[in-house]
Amino acid sequence: MELETHLSKYFTLAFTHKSMSLEMREKLAINSSATLKEFLQTIKTHCPNIKECMVLSTCNRFEIYASLKHNTHANEQKNALLKILAQNKKMSMSDLEKCVLMNTDESAVHHVFSVCSSLDSLVVGETQITGQMKNAYRFAFEEKFCSKDLTRLLHFAFKCAAKVRNLTGISKQGVSISSVAVKEALNIFEKERIKDKKALVIGLGEMAQLVIKHLLNKQFEVLILGRNAAKFEDFIKELEEPKKVSFQNIENLNAYINAYALLFCATSSPHFIVQNRMLKETSFRRFWFDLAVPRNIEKPVFNNIFLYSVDDLEPMVRENVGNRQESRTRAYEIVGLATMEFYQWIQSLEVEPLIKDLRELARISAQKELQKALKKRYVPKEYEGNIEKILHNAFNTFLHHPTIALKKNAQKEESDVLVGAIKNLFNLDKSTTCHAQNLNLYKCEYYEE
């Protein structure tokens with residue numbers, strides 16, 4: 001059921017690992033701030049009925065979260081966004097339509113909460129997605145593509161994710177794409193009887209850092225190839241065994257690419273970093289893990305190189321998270337309750353400023369009449385304080401029942417009719433007692449850290 005028009009109309013479009021192939025997700029992926037800003041600006045320019053917008057782009061999903069103007073048809077916005085994506089990413093509308101999942105209103109809120117709580121992830125319970133959503137929100141907020149509506153939504157999503165983590169055991173086992181990749185590499189080493197536990201890691205972003213930490217926990221020596229030596233120096237300060245990690249500039253890739261049996265690649269590059277022209281034949285078999293989207297490794301021409309992509313790891317992920325069903329069920333209960341609580345909170349935000357406005361109107365009216373009475377000497381000046389207290393108590397008593405009724409009805413869909421009628425009766429339509437000055441109330445946890 002669609003909520004009445006005084007509430008924000010939330011809307012999501014999602015392309016995920018469940019509905020779209022890796023090859024297609026590569027085309028949608030956005031890996032730079034400049035590209036993301038340009039894409040959001042295109043939406044703002046060509047979709048005037050979208051009030052606020054943000055984009056979440058990860059290796060397993062590309063999602064658009066938006067709030068729509070009142071009386072806007074969601075299907076029209078869906079078609080407009082798919083058209084923008086088709087033109088921007090040089091993809092066919094029919095391919096996009098087959099893979100897209102659209103949600104509106106409560107379903108959209110439930111979807112955002114589920115994604116943020118890692119219930120929709122390839123690795124259920126992984127915590128990386130919450131940080132990715134915070135970064136996506138922060139960017140859209142700072143670039144002024146989102147404001148009150150999405151701030152409220154994301155604030156609640158982060159609270160929901162924290163509650164899921166704290167009240168279930170869904171994140172305790174620490175399974176992630178990076179941990180599954182390293183575990184598979186370890187299995188390969190045992191089967192291949194490779195004794196020299198050395199690995200080459202290309203990249204130093206969040207995914208690469210997680211891989212490195214998992215490798216070190218399994219007693220590997222790691223050579224990192226990257227572009228930023230200062231970032232490497234900061235990173236090794238976090239490590240318990242920094243001596244097992246070394247760094248070389250990625251310009252030296254040719255010197256190392258054929259020397260390691262084990263390679264992990266996870267960068268934000270939109271192009272292949274490891275290319276066939278760099279490869280030479282080796283006497284040993286090689287096992288490469290490409291954890292990037294778009295992929296960083298060109299399909300090898302040599303038969304003794306075995307390449308694993310993110311999607312290739314999915315069966316191993318399912319095997320590792322099979323015993324989380326009970327936690328997952330509990331987590332969905334929390335998300336369902338959070339969705340209800342979110343709408344109750346949103347509806348109460350419409351009522352609270354109205355209650356404040358009514359009380360302020362009563363106070364001003366009482367004070368105005370008291371000053372008239374004092375001026376005309378109907379009452380002595382020395383009684384002013386006592387009369388103010390009497391009037392204050394009187395209008396509090398008068399407004400007590402309406403206040404209770406407003407708060408009670410705030411959780412009902414017809415509350416907008418009641419709110420609108422009261423605003424009209426008391427000429428409060430132009431009141432600004434809440435929204436702008438209280439925007440900080442709706443800011444997400446990111447800004448509270």
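Glycine too: its Cβ is placed from the backbone N, Cα and C atoms.
What Swiss-Prot records for this protein:
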- THR58, CYS59, ASN60, ARG61, SER121, GLU126, THR127, GLN128, GLN132: substrate binding site (BINDING)
- CYS59: active site, nucleophile (ACT_SITE)
- HIS111: site 'Important for activity' (SITE)
- GLY203, LEU204, GLY205, GLU206, MET207, ALA208: NADP(+) binding site (BINDING)
Mapped DSSP class for GLN132 (substrate binding site), helix or strand or coil: helix
Packing count at GLN132 (substrate binding site) (other Cβ atoms within 10 Å of its Cβ): 17
Nearest of the recorded positions (CYS59, HIS111, GLU206, ALA208) to THR127 (substrate binding site) - Cα to Cα: GLU206
When distances run from the Cα of GLN132 (substrate binding site) to each of the binding-site residues LEU204, MET207, ALA208, the nearest one: MET207
When distances run from the Cα of LEU204 (NADP(+) binding site) to each of the recorded positions CYS59, ASN60, SER121, the nearest one: CYS59
Nonlocal neighbours by CB distance (under 8 Å) for ASN60 (substrate binding site), same chain, sequence gap 6 or more: THR16, HIS17, ARG25, SER121, LEU122, VAL293, VAL310
Spatial neighbours, same chain, of HIS111 (site 'Important for activity') - Cβ under 8 Å, 6+ residues apart: THR12, ALA14, LEU101, ASN103, ASP120
Residues flanking the substrate site, with Cβ no more than 8 Å from the Cβ centroid of THR58, CYS59, ASN60, ARG61, SER121, GLU126, THR127, GLN128, GLN132 and excluding those residues themselves: SER118, LEU122, VAL123, ILE129, ILE177
Non-site residues, in chain order, whose CB comes within 8 A of the mean position of the CB atoms of GLY203, LEU204, GLY205, GLU206, MET207, ALA208 at NADP(+): GLN209, LEU210, VAL211, ALA266, THR267
THR58 (substrate binding site) and GLY203 (NADP(+) binding site), distance between Cα atoms, whole Å: 16
Those binding-site residues listed as GLY203, GLY205, and which of them has the most Cβ atoms within 10 Å of its own Cβ: GLY203
Residues satisfying Cβ distance under 8 Å from CYS59 (active site, nucleophile), sequence separation of at least 6: ARG25, ALA29, ILE177, MET207, LEU291, ALA292, VAL293, VAL310
